[in-house]
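Everything on this sheet refers to the single structure shown next.
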Amino acid sequence: MSQEPEPGAMPYSPADDPSPLDLSLGSTSRRKKRKSHDIPNSPSKHPFPDGLSEEEKQKLERRRKRNRDAARRRRRKQTDYVDKLHEACEELQRANEHLRKEIRDLRTECTSLRVQLACHEPVCPMAVPLTVTLGLLTTPHDPVPEPPICTPPPPSPDEPNAPHCSGSQPPICTPPPPDTEELCAQLCSTPPPPISTPHIIYAPGPSPLQPPICTPAPPDAEELCAQLCSTPPPPICTPHSLFCPPQPPSPEGIFPALCPVTEPCTPPSPGTVYAQLCPVGQVPLFTPSPPHPAPEPERLYARLTEDPEQDSLYSGQIYTQFPSDTQSTVWWFPGDGRP
């Protein structure tokens, strides 16, 4: 016995599924719309047809209830799925808005950096010329020419805190001329001239390209000069013991205060150092030569003439006689005002 569906029954159909318009609506409106369907044991809107027995009416009621429960479960699942999609869409919209804001900030920063780059390119010392770029494209095997090294100009004394390179003007390239480099190389490779005089060490004159070279004296000469200068000077009438032997005392014991001998007994030889002429605390820059053997020393004589009538000195005679010379030097000292 085939059973036909009752006209009052509401079987499940695809029309019960939410439409795209319902999916676009909020979850609140959808929940309000389905409240009437979610009420359990709600009375049927369609009455039973006439001519049915009680058993058939119970079967029809059970079928309607199953259909309503199945439709309710289906709508609930679909609603939960749509709610999840709606929450994911809202989260994606928030992330999209955040990304759009970040993109706007990056575009603003990119525009600012492009403006700074356009202002810096004309004065940048590291910029590669266009000819070098074209040469690299045409001849890839040639070596890359290095850009010139720019030396910023030194700051003037009026502006000690002035920067070397300003943003408005490029640095000035000042390579040294080739003639100056060659001249400096020749001057540096040339050895210093030999020292011909043992007395004074001469240094070359000042040059605009090379500072004067100061050659220190040998350490032995410095030590010897320091020792000679530290020695106290001898008396005026006695020459230095290094160059003249000690003089024998005068037999008459003439006046030491009137002795006119203030110079050494022998003429100075080249390189001779006299302690009398060396000031204390100053070391001369020359090398002394060894003392020469002195010849036989000259002799100093004195002769006094006294007046037999008076006990006073009438005249005195002091003379010096050299062994190799017969001439002598005589000094007269009159006494008592007599002619």
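Any Cβ shown, glycine's included, is placed from N, Cα and C.
Note that the coordinates shown come from a computational prediction; the quantities given were computed from them, not determined experimentally.
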Of the residues Ser42, Ser250, the one that Swiss-Prot lists under phosphoserine: Ser42
The domain 'bZIP' (57-120) - residue tally per DSSP class, helix then strand then coil: 64 helix, 0 strand, 0 coil
